[in-house]
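*Asks:* What follows is a single structure, and I will ask about it in a moment.
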């Protein structure tokens, strides 16, 4: 058992990294291997500190009392008495006077050091204590982000007082004065830029079952996709009727792979076109903001024009339906190759560019979750491109191919009502995502998750080939629904879309401009990061109203397929599991990021996704 000086739960004074300031912290744990203490600050921030950066509270109180007992007025009077001595004193008296001057000089040096150490402790805690009392569960809508400016002003006033004391009573040489000014300027700069983002460190808490879980998922996810597609091609797609395994050579065709690669690079060309605005993303750990071109909707229009041209020249789009399994295999192979490339290039990436959740040091885990946060080739952001372009737009193209295949196979002059509903609902969802493309920059996929196998396979394979499962199912299993049923399903989808879109718009508008007069009716809880947690509107109803709208829409997409089999409802079941798991990840991160403010928010908004249920 290593010898440790501070116990878990002990309240001590911890030095903020890169500064000379000490703050009151609580020891939460100790790493026996790295010999680091994990401490928690009053605002909820958690950091790992060395033992040399931690001191007991008693040492600070003792020093503060010493500095107060030696007031500047006393030192000033003793100095005047020393100057009033007669010049005709004997040599011994002069020696004694010189000795006293040296003692006074040492005393003043000590006092100055004690004062500069004691004052910042006071500066830090007064504002945070007032904040806690002011917003104890009852936030005011008038208190917006300007609160941070008031706190900063209160911090700098005592710091200027420190500078005045140092200038008035310092007996140091000019060289020491210059060094002192540099230290002061560094301290002021630190306080002006607080809070400081932490540089990514090794991932301690692994998700998805750790190394074993991620290893199994690399094989389980592709197997699930092929199982679902094989089930849809059967006459009886019941769960107990396991489909026969196809020959491996029947799953691969080089021509199909070439078509898929052409599709991927066509979308890349559309993305690189100099159309659409350029916006900045959220600040990275090093403070830098990446730029993104917002032109997804234009890429969708160009794709629609290209598809229309192919149909005009009588290209058989149902070729996609006839070779659907081969297209899925091609997409899986391409995503695997892309994941290998991403991991190899991430090995040379700087530490600050690694993903906070994919830097564990274990190959399988980092390969799955993504080792690098924002891999780029020049200005071409690979993760951002794959998030919305090849898979999401490809989803719409697949649905259209299924609609045309249904008409050809069943000799229909118009598509079935069920197929029209599925295509319309999902087209609305994709167009909305592309129209509001900028909102994706604040999602967990962009700001937290690295780009590895999980996102590459999800964006390029899972989204287009699993999300289109209802349309693929209806081709082989036509379902007739009545107009009243279609009207009820349409209302349900519109309700889900309204909740989803209005909740996301409310959040994005508040993040972009909290002082907008249109948002004056919204109340929020301020946090130590400068952001606010909404407690009114949709975000006061449940913590994730956008997830609630998503799930309602997913149900509406499955209902047109009828109730003969559970297979078309795989999407809504999977989506509920996905969003519940994502909500748990988000809950954990917000608790670490916002601290006490998040706990207060959870008290105000107790339900996570489903009101009065969960």
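Quick reminder: no glycine exception, Cβ is built from N, Cα and C everywhere.
TrEMBL entries are annotated by machine, without manual review.
Keep in mind it's a predicted model, so treat the numbers as computed, not measured.
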*Asks:* Looking at 411-432, 521-542, I want to know which stretch TrEMBL calls transmembrane segment.
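*Replies:* Checked against TrEMBL: transmembrane segment maps to 521-542.
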*Asks:* Check each of the ranges 162-183, 184-205, 294-315 against TrEMBL and return the one annotated as transmembrane segment.
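*Replies:* In TrEMBL, the transmembrane segment feature sits at 294-315.
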*Asks:* Could you tell me how many residues in the domain 'Tudor' (4-62) are helical, how many are strand and how many are coil under DSSP?
*Replies:* 9 helix, 27 strand, 23 coil
*Asks:* When only pairs 6 or more apart in sequence are counted, do the transmembrane segment (562-581) and the transmembrane segment (327-344) reach 3 or more Cβ pairs under 8 Å?
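*Replies:* The answer is no, given that the two segments have fewer than 3 Cβ pairs within the 8 Å cut-off.
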*Asks:* Within the domain 'Tudor' (4-62) only, compute the mean pLDDT.
*Replies:* 80
*Asks:* Of the listed stretches (212-231, 251-273, 294-315, 447-469), which one yields the highest count of Cβ-Cβ distances below 8 Å with the transmembrane segment (327-344)?
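*Replies:* Comparing 212-231, 251-273, 294-315, 447-469: 447-469 has the most Cβ pairs near the transmembrane segment (327-344).
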*Asks:* Can you tell me which recorded stretch out of 212-231, 294-315, 447-469 has the most Cβ pairs within less than 8 Å of the transmembrane segment (251-273)?
*Replies:* 294-315
